[in-house]
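Notes follow once the structure below has been shown.
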Amino acid sequence: MFYLVLLSTMSQGIIKEEILRDDLKYYFMSPCEKYRARRQLPWKLGVQILKIVMITSQLILFGLNNQLVVSYKEENAMTFKNLFLKDYSGVDEEDYSVALYSQQAVYDSLFYVLDQYRQLGRLSVGPISYAEEDGKLLPLVICKEYYKRGNVEPSDEAYDIDAQLEKVCMANDPTNVSQWKAENVSFFNLEFYRLVDIKITFQLKGINLQTVRSHELPDCYVFFVTITFDNQCHSGKIKIFLDIDALSSACKNWKISGTAQKNTHYLLVFDGFVILVCLTSAVLCTRSIVLAVKLLQRFSRFFRENYNHKVCKTDQKEFLNGWYVLVIVSDAMAIVGSILKMEIQAKSLTSYDVCSIFLGTSTLMVWVGVIRYLGYFQKYNVLILTMKTAFPKVIRFCCCAGMIYLGYTFCGWIVLGPYHEKFEGLSRVAESLFSLVNGDDMYTTFAQLKDKNSLVWLFSRVYLYSFISLFIYMVLSLFIALITDAYDTIKNYQKNGFPMTDLQRFLREQKDFPPSEEGSEMDTETGMGHPALCCCRRAPSNDDIILIS
């Protein structure tokens with residue numbers, strides 16, 4: 001009787017072990033192998049393919065519309081500069097549009113803005129007009145900011161300045177600008193040694209008619225224009241800046257004839273379908289993660305009860321599929337981007353840039369996720385395994401190299417910033433040094449340095465030569481060597497076999513498990529078994545277990 005009970009218990013243990021082994025093998029199968037094994041359709045793969053097509057199409061449609069919006073704003077900014085800035089050459093000088101060097105030039109440019117604004121309706125060739133509110137024209141506002149009190153005598157090397165700033169503003173509608181100037185002569189009598197800046201602000205309205213060609217209703221825009229005469233440096237050079245902020249909205253009264261009807265509702269239905277597909281994808285991936293966690297718990301409990309063995313971290317990571325997390329994040333960003341796109345099409349929002357970031361990032365992640373399915377093919381899997389192996393070493397290497405890079409960035413900014421346009425700001429210094437590492441603009445960087453200060457010129461040569469030599473010949477070479485070493489390691493493993501782990505031994509029905517260890521560094525970085533060629537129309541040629549994480 002005891003023998004029968006023992007035999008029954010052993011049979012139940014064997015059956016339990018085989019069921020667990022079958023479940024593990026099925027979990028690590030490719031979609032095609034799952035279809036061959038149980039005739040289960042690869043729903044996640046089908047949803048991902050459909051999602052790629054739909055999200056890419058959505059991105060293209062939105063990108064074309066966004067390009068029209070951006071080009072409309074940029075061309076209007078160029079129009080305003082040509083209309084309101086006297087002697088504008090058509091090209092900005094560095095970060096400003098026009099520079100003035102005489103008092104008469106300042107007065108001429110200031111009155112030029114007012115005169116051009118007064119006769120805007122006869123000058124502009126585009127659908128631009130004054131902004132109105134409650135049937136009244138919104139006024140033009142001119143403000144001047146200056147030191148409260150000041151007296152400067154450069155010849156005597158003497159000055160008396162009250163650093164407190166005062167601001168005086170005047171406003172008037174565009175119809176009586178000439179009368180306004182005559183009645184406020186004292187306001188335009190400028191004391192340049194006290195003057196800090198003059199700002200002219202006004203609002204204009206326009207209609208973007210180019211969207212009619214794409215069967216979209218034109219948007220109405222409000223342009224907030226600010227023209228600044230900057231004299232903060234008091235160097236004898238006054239810079240003129242023209243900045244605009246554009247706010248779009250649905251036009252109140254519109255009528256279109258002779259063209260197709262508005263197709264926004266079709267796009268809204270398409271965006272809604274994209275959201276539905278992304279929700280389905282997120283639910284399926286979340287379900288797979290939950291099933292993987294339950295399977296890991298079963299596997300860990302089985303090992304602990306039967307072999308008194310703890311599952312190593314390398315095997316645990318095989319159940320935590322990072323690709324599913326990537327897909328879920330991309331689905332969330334695609335859903336948010338689609339909602340923003342629908343709101344923009346309904347004229348409820350104008351956040352084109354925010355929507356572009358969400359849609360662009362989600363599309364990037366979706367296409368990166370395709371690599372997971374290419375990983376089932378041994379030849380294509382080299383890239384994934386190489387990146388996985390080299391990534392920890394590359395991160396540690398970049399942290400060390402980044403310290404040196406930051407040192408050069410701060411040093412270049414403080415020493416060369418006043419003498420070289422590429423080193424004027426920390427971000428520009430970092431970008432210039434990155435260009436030098438890639439071999440771009442080397443001669444230009446050397447040649448553009450002003451040689452009026454011999455000491456700085458000599459320091460710049462030592463600085464640039466040392467940076468280029470260190471990063472190109474040493475740091476960049478070591479960086480490439482790390483990736484090459486990881487690639488050679490993977491190629492060697494694919495040729496001679498990957499290191500065996502407890503999970504692989506269990507799937508291959510091996511009973512000899514080594515003592516529990518946390519796993520070597522190479523095992524952790526390279527992952528487990530090599531993937532075999534997958535094809536839906538033929539059975540696999542060998543019994544290797546495919547583990548793709």
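Note that the numbers count up from 1, one per residue, in the order the chain is shown.
Every residue gets a Cβ built from N, Cα and C, even glycine.
If you check TrEMBL, you get these features:
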| type | residues | note |
| --- | --- | --- |
| DOMAIN | 69-252 | domain 'Mucolipin extracytosolic' |
| DOMAIN | 354-490 | domain 'Polycystin cation channel PKD1/PKD2' |
| TRANSMEM | 266-293 | transmembrane segment |
| TRANSMEM | 323-340 | transmembrane segment |
| TRANSMEM | 352-374 | transmembrane segment |
| TRANSMEM | 394-416 | transmembrane segment |
| TRANSMEM | 462-483 | transmembrane segment |
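Sequence-distant contacts of the transmembrane segment (462-483) (same chain, six or more residues past either end, CB-CB distance under 8 Å): 386, 390, 393-394, 397-398, 401, 404-405, 408, 411-412, 415-416, 433, 436-437, 439, 442, 445-446. Helix first, then strand, then coil: DSSP counts for the domain 'Polycystin cation channel PKD1/PKD2' (354-490) stand at 115 helix, 0 strand, 22 coil. For the transmembrane segment (394-416), the residues of the chain that approach it from at least six positions outside its boundaries are 423, 425-426, 429-430, 432-433, 449, 456, 459-460, 463, 467, 470-471, 475, 478-479, 482-483, judged by C-beta separation under 8 angstroms. Within the chain carrying the transmembrane segment (266-293), a Cβ under 8 angstroms from the stretch's Cβ atoms is held by residues 27, 43-44, 47-48, 50-51, 54-55, 58, 61, 319-321, 324-325, 327-328, 331-332, 334-335, 338-339, 341-342, 345-346, all 6 or more beyond its ends.
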